[in-house]
Amino acid sequence: MDPLGRFKIWVLTVLLIVQSGSGFYLPGSYPHKYAVGDTLSVKVNSITSIDTEMPFSYYSLPFCKPEGGIKDSAENLGELLMGDRIENSPYRFKMFTNESEVLLCRTDPLSADNFKILKKRIDDMYQVNLILDNLPAIRYTKKDGYVLRWTGYPVGIKVQDLYYVFNHLKFTVLVHKYEETNVARVMGAGDGAEMIPANRDGESGKPGYMVVGFEVVPCSFKHNSDSVKKSKMYEKYPSKIQCDPTTVAMPIKENEPIVFTYEVTFEESDIKWPSRWDAYLKMEGSKVHWFSILNSLMVITFLAGIVLVIFLRTVRRDLTRYEELDKEAQAQMNEELSGWKLVVGDVFRAPSSPALLCVMVGDGVQILGMGVVTILFAALGFMSPASRGTLITGMLFFYLVLGIAAGYVAVRLWRTIGCGDHKGWVSVAWKAACFFPGIAFLILTVLNFLLWGSHSTGAIPFSLFVILLLLWFCISVPLTLVGGYFGAKAPHIEYPVRTNQIPREIPAQKYPSWLLVLGAGTLPFGTLFIELFFIMSSLWMGRVYYVFGFLFIVMILLVVVCAEVSLVLTYMHLCVEDWKWWWKSFFASGSVAIYIFLYSVNYLIFDLKSLSGPVSATLYLGYSLLMVLAVMVSTGTVGFLSSFWFVHYLFSSVKLD
């Protein structure tokens with residue numbers, strides 16, 4: 001293929017990845033056609049709050065329960081790990097049938113415990129999350145002339161010293177008429193129209209609709225509880241209900257019941273089914289966000305390009321000047337050697353704690369591979385927010401499978417440091433299989449005890465703990481050992497120069513090397529700090545994150561900058577006759593994790609100011625620590641492997657005998 005053709009393919013690929021960030025179509029979810037009068041069932045998820053970051057079950061509060069009892073919906077591993085608990089609800093609609101003043105239930109008189117917990121949930125600003133046809137309920141509010149979007153609605157509100165509950169819900173269901181008789185044409189896959197049969201038996205003549213929007217307006221309405229003592233669920237409330245979201249009228253009191261009602265209106269919409277998630281994926285001020293990301297990418301790319309050009313010119317000039325000399329001049333120059341040429345006999349001397357370095361590099365390859373593959377699949381739309389938990393499930397799956405890469409890299413590096421010695425490779429492979437997962441398991445266990453003590457649905461059930469342990473020891477560990485076996489069989493990387501028996505003394509440095517290592521992390525941090533804000537907002541502020549196309553580009557750029565920073569720092573150390581480059585090259589790029597952790601603390605203080613209680617802060621810092629550890633290991637691995645390749649190339653490209 002000619003260069004122009006390759007260029008066109010690359011441009012098309014990048015455009016597809018960037019376009020996928022807008023979420024125009026979400027693979028893995030399909031339209032559901034409803035006929036007029038078909039039953040629509042509303043589901044409930046865990047109630048959540050950005051003030052505590054601890055989800056609780058919907059039915060932990062005195063809400064109306066469905067007639068047939070509470071039933072759990074099918075959940076995947078990712079949903080359970082994220083704290084989602086999706087259950088059925090008493091809310092039910094009939095397609096394109098407007099209803100008003102529908103009685104849901106009259107609760108029992110509030111006990112002291114229920115009254116106390118309801119007040120606490122209102123104080124902590126908990127949100128109720130409803131789901132219809134896989135769409136979360138969305139609420140619109142106006143502030144300073146801007147329309148803000150929220151998923152869910154508050155449990156209640158405190159006005160002065162009284163607590164008011166939102167006991168009447170006004171639903172609006174947006175539907176789009178099912179015009180095509182063929183699913184493939186609705187989905188935009190016209191080529192497959194012949195493969196999918198059209199409706200038969202006259203069904204195509206019946207009007208059908210697809211749900212493309214689910215909006216809710218919560219109201220606090222003062223009901224007469226005595227008037228519905230003998231009424232049943234779904235009967236009409238005896239008087240007119242006026243829903244006014246700007247006023248509150250239903251204060252909660254101990255030993256008094258609460259009456260819940262709702263109304264639903266169906267509206268035909270021009271929104272097509274593939275675009276129904278657009279309202280959730282749009283972020284306020286999105287143009288500013290996209291401009292900021294693009295500006296950051298351009299600046300960092302420019303800086304990285306300058307660093308790379310200067311660095312390559314310096315090294316190439318150094319090599320060329322040395323290799324062009326004749327033998328006599330080389331012999332004379334050898335007496336006047338300075339800089340990196342003096343450490344030729346020590347540059348490949350084994351580092352301190354070589355096994356730990358091999359384990360961390362192996363685990364870094366595993367984590368980095370998991371991140372790249374997961375984000376790539378998400379950017380292509382296979383892990384959409386419509387499929388809850390698939391992102392976490394995908395990350396876990398790819399991490400388990402890539403255990404084979406961790407074992408291979410760790411053992412092969414171990415054999416390279418040991419100059420081909422097979423001894424101890426099994427121990428290194430075992431440590432690679434247990435190092436990062438062991439730390440993660442320890443952190444999650446401690447945090448889980450805190451969640452268990454708070455009775456939060458965010459706590460991982462004991463059965464899931466057992467499943468995670470089985471996945472770890474029955475899949476990840478064996479695959480890592482298999483990778484280690486292949487690494488032991490593969491030929492080790494031979495050093496281009498011999499190592500002296502007596503180590504060379506490192507001269508005193510003007511600046512401590514750790515200062516350079518710490519400062520090296522600032523450039524990689526500059527590539528991702530804007531994107532990091534969006535990710536943190538998604539994790540802790542309940543916003544939907546779906547610009548995975550840009551995230552993929554940022555991640556690739558981060559890898560390139562980490563490699564360049566580590567190369568420059570390694571070369572600087574060799575030039576001042578410091579041959580202990582192994583760990584320094586790892587932490588030069590890995591030090592970006594320090595700045596990410598500081599940013600996390602800053603985010604906690606200034607953006608999560610309302611985060612209440614030591615348990616919530618501990619949860620936040622614990623999860624942040626786990627994230628930072630994963631970033632350090634993966635970015636450090638990039639820096640080390642690039643530096644190892646550079647040092648090997650540098651000393652094999654010049655004659656220093």
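Even glycines carry a Cβ here, placed using N, Cα and C.
Nobody curates TrEMBL annotations by hand; they come from automatic prediction.
Database features, via TrEMBL:
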- 1-23: signal peptide (SIGNAL)
- 290-312: transmembrane segment (TRANSMEM)
- 355-379: transmembrane segment (TRANSMEM)
- 391-411: transmembrane segment (TRANSMEM)
- 432-452: transmembrane segment (TRANSMEM)
- 464-488: transmembrane segment (TRANSMEM)
- 514-540: transmembrane segment (TRANSMEM)
- 546-569: transmembrane segment (TRANSMEM)
- 581-605: transmembrane segment (TRANSMEM)
- 625-651: transmembrane segment (TRANSMEM)
Relative to the transmembrane segment (514-540), the stretch among 391-411, 464-488, 546-569 with the most Cβ pairs under 8 Å is 546-569
Six or more residues out from either end of the transmembrane segment (391-411), which same-chain residues have a Cβ under 8 Å from its Cβ atoms?
76-78, 81-82, 358-359, 361-363, 365-367, 369-370, 373-374, 377-378, 382-383, 425, 428-429, 431-433, 471, 475-477, 479-488, 490
Quickly jot the same-chain residues contacting the transmembrane segment (581-605) by Cβ under 8 Å, restricted to those at least six beyond its ends, or write none.
347, 351-352, 357, 360-361, 513, 516-518, 520-522, 524-525, 529, 532-533, 536, 540, 562-563, 565-566, 569-570, 573-574, 611, 617, 620-621, 624-625, 627-629, 631-633, 635-640, 642-644, 647
